[in-house]
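Engineer: Below: one structure in structure tokens.
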Amino acid sequence: MQPRSKKHTAFDTHFIFSPNYLTRISAMTRAIVCGSMAGQSRKWMILVAAMWIQAFTGTNFDFGAYSAEMKAAMGLSQVELSYLATASDMGKMLGWSSGVALMWLPVWAVVVVAGVMGFVGYGLQWCILCGFFSPPYFMVSFLCLLAGCSICWFNTVCFVLCVKNFPSNRALAISLTVSFNGVSAALYALTANAVNSSSSSVYLLLNAVIPLLTSLLTLIPILQQPKLDPLPPDNAVQRDSTVFLLLNVVAALTGFYLLFLTSATKSVTSSRLLLVGALLLLIFPLFVPGIVYAKEQFILVDDDDLEFHKEATRKGGSSASTSTKVDAGKGQLVTLGEEHSAAVLVRRVDFWLYYAAYFCGGTIGLVYSNNLGQIAQSLGQSSNTATLLTLYSSFSFFGRLLSAIPDYARAKFNFARTGWLALALTPTPVTFFILTGSDSTLALKTGTALIGLSSGFIFAAAVSITSDLFGPSSVGVNHNILITNIPIGSLVYGLLAAVVYDVNSDTTRKISMVTDTLICMGRQCYYWTFVSWGCLSVVGFVTSVLLFLRTRHAYERFERHRLSSQFD
């Protein structure tokens, strides 16, 4: 029997090629494409909003800029001043409160509450420095605690936005956004110069106002979050990786701009011009995704391809769920991704090695930045305080950007993320021992840059390492447990530095003619502090190497499984 031929009648031909029919098809296609593109556009707007939040809310990095004036205004000893820095870091121990708030409040509400907390905490401190009122010491400590808690709330919001909107590239999204936290001190120093204030108390005013304005500005994209498919097609994941690469390039240019141009300027006019340039660089990432999408023809995903991708994802998920094993004999991870509850976490040797590496590495770098004002003053370099803070902030920014290397380099060679952590800790002990041997301006600037680079890498890589070792679903709780080392380290290391400083102040008996406060001048003010910090950072390096040796086989197995699944 002959197959019946398919013929088009004149009516069919006229209908198919009629203007109304083509118009409807074109409208439907545009609606589908534009709807998808709108979702993609909103996704990237949210990422840029998270970058802005990180860039303008890292207010803890400029403590060294106004700490000397606060000490003089309140008549504090160095020990009492160190307790205020510790109170600010204690806010991180309340990081769990932001997670609880997100269970009951929408993201936009948490952002606004964080902005208000910072406005109250820093705003009232500014009023104290201006002499509007003189509260008791414990009230000032509470204000520092409130301000520190606001930073933690902002960080939690950024983390949630990255995980929710970039499930396939969350490591890249987190490392990129967290890196912008490192430019905060440079941005605030530039803004303070542009305001042309002779008092360093302007930093507190900026710390109060700018994060609040940022939280209100970022409400626009946050309130328009797209409903995205949790299983994007492979070509979309690859295209997103291209956008992330370009955004990292833009971020690097921003860091170089702030480092090499803003640190050299002193005049108000040039500071204002450079501030405008910095803001334009922060706005430019909004256009990067559009440039990438414009160069590619948008192709709708075929249903068969989407089903294949979902099936591959299901296979990967099932295989990952079966690979959460631990070597019972040695207590070592066999593969990555095992979910750990808090009770199980604190019984793991790997966690305490990781905790010690962070405690003796990144946390020391943070305490060093808190003491930069007094360190520069003791060496007769008070005029370089803003420059030193910019150096620390900028190189911390570059360190955070470099934390994305494991994700980009694994196509070329496989090296455990814990191994990168050990490498990142290397400059810290070397730097402190250099500072014990030299008090020159060059040594101080070089050491500050290296410590910023090292601690920045650790801060940004920590979230991904916690997810790798102790499970992605538990990373919120487990990471908050990890960073409890920051307030503890701030207290211990800050108290050590303050005691050494005050002892040497009694020896030198140097009195400030302006404030009648006892200050320490000379290299001996921080000599034994640097020696102690250097020895402790060696301990951090050793524990990070031990962590690498215990986990490298798990990373190797995970990478082999990832490569084999690509060819299945």
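Yeah, the Cβs are placed from backbone N, Cα and C, and that goes for glycine too.
According to TrEMBL, the protein has these features:
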- 43-289: domain 'Nodulin-like' (DOMAIN)
- 100-124: transmembrane segment (TRANSMEM)
- 136-163: transmembrane segment (TRANSMEM)
- 170-190: transmembrane segment (TRANSMEM)
- 202-223: transmembrane segment (TRANSMEM)
- 243-261: transmembrane segment (TRANSMEM)
- 273-294: transmembrane segment (TRANSMEM)
- 338-555: domain 'NFD4 C-terminal' (DOMAIN)
- 351-369: transmembrane segment (TRANSMEM)
- 389-408: transmembrane segment (TRANSMEM)
- 420-437: transmembrane segment (TRANSMEM)
- 449-470: transmembrane segment (TRANSMEM)
- 482-501: transmembrane segment (TRANSMEM)
- 526-549: transmembrane segment (TRANSMEM)
Engineer: Do the transmembrane segment (389-408) and the transmembrane segment (449-470) come close, with at least three CB pairs under 8 A (pairs 6 or more apart in sequence)?
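Structural biologist: Counting Cβ pairs under 8 Å, at least 3, so yes.
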Engineer: Can at least 3 Cβ pairs under 8 A be found between the transmembrane segment (170-190) and the transmembrane segment (449-470), with each pair 6 or more apart in sequence?
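Structural biologist: Between the transmembrane segment (449-470) and the transmembrane segment (170-190), which are separate recorded stretches, there is contact, as judged by 3 or more close Cβ pairs.
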Engineer: The transmembrane segment (243-261): which same-chain residues, six or more beyond its ends, come within Cβ distance under 8 Å?
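Structural biologist: Sequence-remote neighbours of the transmembrane segment (243-261) are 44, 47, 169, 172-173, 176, 179-180, 182-183, 186-187, 190, 274, 277-278, 281-282, 284-285, 288-289, 291-292, 390-391, 393-395, 397-398, 401, 404, 408.
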Engineer: When you check the transmembrane segment (351-369) against the transmembrane segment (482-501), do you get at least 3 Cβ pairs under 8 Å, counting only pairs 6 or more apart in sequence?
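Structural biologist: Answer yes, regions in contact.
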Engineer: So are the transmembrane segment (202-223) and the transmembrane segment (100-124) touching or not, going by 3+ C-beta pairs under 8 A with a sequence gap of 6 or more?
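Structural biologist: When sequence-distant Cβ pairs are counted, the transmembrane segment (100-124) touches the transmembrane segment (202-223), since at least 3 lie under 8 Å.
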Engineer: State the non-local partners of the transmembrane segment (273-294) in its own chain: residues 6+ outside its ends, Cβ under 8 Å from one of its Cβ atoms.
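Structural biologist: Sequence-distant neighbours of the transmembrane segment (273-294): 37, 40-41, 44-45, 47-48, 51-52, 55, 187, 190-191, 194, 239, 242-243, 246-247, 250-251, 253-254, 257-258, 261-262, 265.
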Engineer: Grab the same-chain neighbours of the transmembrane segment (100-124) for me: Cβ-Cβ under 8 Å, and only residues 6 or more beyond its ends, written as numbers and ranges.
Structural biologist: 53, 57, 59, 135, 143-151, 153-154, 156-157, 160-161, 204-205, 207-209, 211-216, 218-219, 222-223, 225
Engineer: Counting only residues 6 or more past its boundaries, what in the same chain has a CB within less than 8 Å of a CB in the transmembrane segment (526-549)?
Structural biologist: 350, 353-354, 356-361, 364, 368, 371, 375, 378, 416, 418-419, 421-422, 425-426, 428-429, 432-433, 435-436, 493, 496-497, 500-501
Engineer: Can you work out whether the transmembrane segment (420-437) touches the transmembrane segment (449-470), with the criterion being 3+ CB pairs under 8 Å where the paired residues are 6 or more apart along the chain?
Structural biologist: yes
Engineer: Using a Cβ cut-off of under 8 Å, list the residues of the same chain at least 6 residues beyond the transmembrane segment (482-501) that approach it.
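Structural biologist: Long-range Cβ neighbours of the transmembrane segment (482-501): 77-79, 81-83, 85-86, 88-93, 95, 351, 354-355, 358-359, 363-364, 366-367, 370-371, 374, 378, 462, 466, 520, 525-529, 532-533, 536.
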